[in-house]
Amino acid sequence: MLQVQTIPSRQDNYIWLIKQGNQAIVVDPGESAPVIERLRQQSLNLKAIFVTHHHHDHVDGVAELLALYPQCAVYGPQITLTDVPQLQTMRDQDLISFPDLDLTFTVWHTPGHTAEHIVFHGHGALFCGDTLFSGGCGRLFSGTAEQMYHSLQRLASLPEDTLVYPAHEYTYNNLSYCLQAEPDNVFTIKRIKEVSKLRQQGCPTLPSTIGIEKQSNVFLRTHMPSVAVFAQNSSELYLENEIQIFAILREKKNNL
């Protein structure tokens, strides 16, 4: 199992640090200072940076980290960091291997939040940026509802015990919306109580798991009759399929 550490960043971001011996990989460093502090505290060398998409709260720390760790490799989608010569452009199904660390990750292209968004999975963990949140999913910027629906369905196909590491602490608010759609979902009722307690203690609610998300995340539950009814009641048009249901769910969440 991977050793994954949480580095809180900005208002509600998480930078994930994968530790293997004295080497580290960080995911979506939206700022450099907390990463540098953690690396120095634990005498770690920065081996690589994983970037899921181009938004500032995911990439603003990259330049300063590379200045301190010039041998560090960067893996991300093509349009993410056009001014970073170390960037190794990742495409769907690419493999990232670190033989000296005995680590290999698979890249999936998951458009929706942005057109270029990618995720990294391996060793029972999924680093999913702003595609999948605990209880939710990312807003649609340069991607479409259809793309995001298919991206989420693809992530849902991973083993249920896969640990899910999103880039934001949105769980409580997301689950509140899920309960609007499924007020009788016993699992979600229990989950939001656990999440509330964690937040009161100042603890992260992450990682989640694919299994937890399939039982509580309304955006992975468009096949459920109660969710379809909730979406239909929010739409003036007849919803013919799960993609349309998803689109209405996302639009309604945007307006809360």
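Just so it is clear, glycine is given a Cβ too, placed from its N, Cα and C backbone atoms.
Binding of Zn(2+) 2 is attributed by Swiss-Prot to Asp57, His58, His168, and within the candidate set Asp100, Asp102, Asp130 the record adds Asp130 to that site. Matching His109, His113, His150 to the Zn(2+) 1 binding residues that Swiss-Prot gives (His53, His55, Asp130) identifies His113. Neighbours of the Zn(2+) 2 site: apart from Asp57, His58, Asp130, His168, residues of the same chain with C-beta atoms within 8 angstroms of the site's C-beta centroid are Asn13, Asp28, Gly30, Thr52, His53, His55, Gly129, Ala167. The Zn(2+) 1 site is defined by His53, His55, His113, Asp130, and by the 8 Å test on Cβ atoms against their centroid, the other residues of the chain that qualify are Thr52, His54, His58, Thr114, His117, Gly129, Thr131, Gly138, Phe141, Ala167. Neighbour counts were taken at the CB atom with a 10 A radius for the binding-site residues Asp57, Asp130; the maximum falls on Asp130.
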